[in-house]
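Novice: Features from TrEMBL:
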type     : residues                       : note
ACT_SITE : Glu489                         : active site, proton donor
BINDING  : Trp358, Asp359, Lys602, Gln603 : substrate binding site
DOMAIN   : 13-266                         : domain 'Glycoside hydrolase family 65 N-terminal'
DOMAIN   : 323-690                        : domain 'Glycoside hydrolase family 65 central catalytic'
DOMAIN   : 699-758                        : domain 'Glycoside hydrolase family 65 C-terminal'
Amino acid sequence: MKNYLKHHEWRIIEEGFDPHYNKISESVFSIGNGRMGQRANFEEEYSGETLRGSYVAGVYYPDKTRVGWWKNGYPEYFAKVLNAPNWIGIHISIDNQKLDLAKCKTEDFRRVLDMKTGLLSRSFAATFPDGKKVRVDSRRFCSMAHGEIGAIRYAITALNFSAKAVISVYVDADVVNKDSNYDEKFWEEVYKEASEGKAIVTAQTKKTLFHVTTGMRYAIETDGKKAQPERINLEQREKFAGNVIQLNLEEGKENVIYKYAAILSSENHAKASLVANCSKVLDEAYNKGFEKLFEEHSNVWAHKWEACDITIEGDIAAQQGIRFNIFQLTQTYTGEDERLNIGPKGFTGEKYGGSTYWDTEAYCLPFYMATAEQKVARNLLVYRYKHLQKAIENGQKLGFTGGAALYPMVTMNGEECHNEWEITFEEIHRNGAIAYAIFDYIRYTGDEKYLTEYGLEVLIAISRFWAQRVNWSSHKNKYVMLGVTGPNEYENNVNNNWYTNTFATWTLEYTQHALSFVKKDDESRFSEILKRTSFDEKTEVAKWKDIIEKMYYPEDTTRGLFLQQDGFLDKELMSVSELKKEDRPLNQKWSWDRILRSCFIKQADVLQGLYFFEDKYSPETLRKNFDFYEPMTVHESSLSPCVHAILASRLGYKQKAYEMYLRTARLDLDDYNNDTEDGCHTTSMAGTWMSLVKGFGGMRVKDGKLCFSPFIPEQWKSYSFRLEFRGRVVKIKVSKDGTETRLESGDPMEIWLKDEKVMLK
Ligand code: BGC
């Protein structure tokens, strides 16, 4: 846990440069716009510890897998979001000395991320080995208004000398991924050009053959006036193009380099037009200029914040924490492109390959449903619909037949690209989350037509999978599900994981509802789906009903507990409080064997199921299970505490709820798990949002109505959040004096506040 960032309501602030924290800050201060993302690397050279990262949404590389024992059914590759061509570089040297903060003496270093406007700025004074001192002020953003534009304002002032500076302004596709399995470079050059004031490089990914064209134009000002460099040399080498300029730095005068970058990919342009289109985007950016571009960009942010801001009075650290989470989620996924999704690290690092996990459906969807237009959440669902055929093929690879779909655990394009058998083959609960997301989306938005258009086909395919994945146990006289891993990855290859069994039967039930809905809604579409999927309604549904009726669930009926899996009670049951500090985190300190045999739970499992299906269980059942499992949960997945926060809130365990909330709210800002340098925990940020809105705010949707049962943590004076809900914007403010509700836009509507009906006008 660290505490080096200053608390501020709207800004993340780092003062003083500590190279040990640099990679953490590079993650935390990342910026993006849904189309691209950029770690907070320095524009100038830096020879110290750094993880350079520029990312272009949807552009990935299928890196050949490294595994010890190859198992049939493994995918050939692990997809990786690519470290994309570097567009930020501005290298400076004066009298043959490089401006490099690892080599210069640095003073007054300040890095600031203004979340209100999506602007990253950095300033410092640096002294070169020969005593020359410069001051640098840089600002940059990835335009939210123009997804293909990035802009930098880089100002340098000579403080105690006048001399020539040699400045290289460039784009560079000769970049590597740190997580490359075979130290391979993933980019090949297709095209490059450099002319005065401009450079363009098109690079192609090996195997996937994505083209990314990265271009830059720049302008220079000295003391506010357009300046002409003394000399400009064009610089080109493999995958690299730029200009090297000589600029006279006069003592005390500010020289500003405005660098405009255009990043275009073949995902959105014909390959043959990429260079021409890149030039157009560059011209547009150059002609508008930094200030105008920034104005447009910050207007988009202002608009977004209107919809999604959460305010917390009385606790600046908490306020900063929640805004940081919202900021990252909003700049990672804008919902404009149904081919895109949300990687667990967003655009802030390479870990998890930038791929799609169940995190999207289980954690992120509620955030986007409630803070953005309906199409944003819908596009997340359509993404999986588009991958249905691949999910069916994935099922076939593992031996399932007749249109049964197993969605991948990790994917870029619908294909599975994860290979650890206990996860790839066994963490099949992801199928449940994908089915549940359809239900959750419809419950929230009322868009039942989604079932007719897309949802039913996905549900049929997932139900078919469950129907084949269970087997009849003549010993138990029940259906059982063997060899699975539940959300708690500290148990593998277990039998009858309560969560997974529950999800299987729930899906079978919900699919029946979907069938009857679509049959009524659109008969011809219904017949078309039946035909297309060769669905034998009578036989298949009869089988599903049998499974629902005779499914086995591990339980301890005397204590009213659902058991994580068969045999859970045979473990030595201990509480996390009995663990020594040196034992934590278990996944770094204990052997895997010891973890598997222990009772300790990585992340919510039974409790996750109770959170999803809360309405089916009595508060007493929730309480008994919470009291049993919470003390054994180590929360070594960032996705865990939010579920506990929501349940604890529901049970009136306010202090516990607050404690769980704190674990996620500032997870990256305080580097709670010592791993932020790899990237931020973007998907778990949606969990933080849920802890506040569904936990403290008690927000639920019942029978098409928003319901709230709020409480306020003692440490806060008030908090407020807004929800987009069925064409309205509703604002809820909770303080010690009570709860205010307001309809900010849209038609009047009834809501429930605790047990009272309230009419919002
Ligand atoms: C969690 C998974 C999650 C993945 C990506 C893992 O540590 O256990 O549930 O999908 O991280 O966030």
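Glycine too: its Cβ is placed from the backbone N, Cα and C atoms.
Unlike curated entries, TrEMBL annotations are predicted automatically.
Source: prediction; values computed, not measured.
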Novice: Would you count the other CB atoms within 10 A of the CB of Gln603 (substrate binding site), including those on all shown protein chains?
Specialist: 23
Novice: At a 10 Å cut-off from the C-beta of the residue listed as 'active site, proton donor', count the other C-beta atoms across all protein chains.
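Specialist: Taking every protein chain into account, the count is 21.
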Novice: In the domain 'Glycoside hydrolase family 65 C-terminal' (699-758), how many residues does DSSP call helix, how many strand, and how many coil?
Specialist: 0 helix, 39 strand, 21 coil
Novice: Quick one: mean pLDDT on the domain 'Glycoside hydrolase family 65 central catalytic' (323-690)?
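Specialist: Across the residues of the domain 'Glycoside hydrolase family 65 central catalytic' (323-690) the model's pLDDT averages 97 on the 0 to 100 scale.
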Novice: In angstrom units, rounded to an integer, how far apart are the Cα atoms of Trp358 (substrate binding site) and Glu489 (active site, proton donor)?
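Specialist: Cα-Cα distance, Trp358 (substrate binding site) to Glu489 (active site, proton donor): 14 Å.
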Novice: Taking the Cα atoms as reference points, how far is Gln603 (substrate binding site) from the residue listed as 'active site, proton donor' in Å?
Specialist: 8
Novice: What count of other C-beta atoms do you get within 10 angstroms of the C-beta of Trp358 (substrate binding site), across all chains shown?
Specialist: 23
Novice: Does DSSP put Trp358 (substrate binding site) in a helix, in a strand, or in coil?
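Specialist: Note: Trp358 (substrate binding site) is coil by DSSP, not helix or strand.
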Novice: Hey, does DSSP put the residue listed as 'active site, proton donor' in a helix, a strand, or just coil?
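Specialist: SS state of the residue listed as 'active site, proton donor' = coil.
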Novice: Of all the Cα pairs drawn from Trp358, Asp359, Lys602, Gln603, the residues the record ties to substrate, which distance is largest, in Å?
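Specialist: In whole numbers, the farthest two Cα atoms are 16 Å apart.
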Novice: Give the residue from the binding-site residues Asp359, Lys602 that has the most other Cβ atoms within 10 Å of its Cβ, counting over every protein chain displayed.
Specialist: Asp359
Novice: Could you check what DSSP calls Lys602 (substrate binding site) once collapsed to helix, strand or coil?
Specialist: coil
Novice: Whole-number Å only: compute the distance from the Cα of the residue listed as 'active site, proton donor' to the Cα of Lys602 (substrate binding site).
Specialist: 6
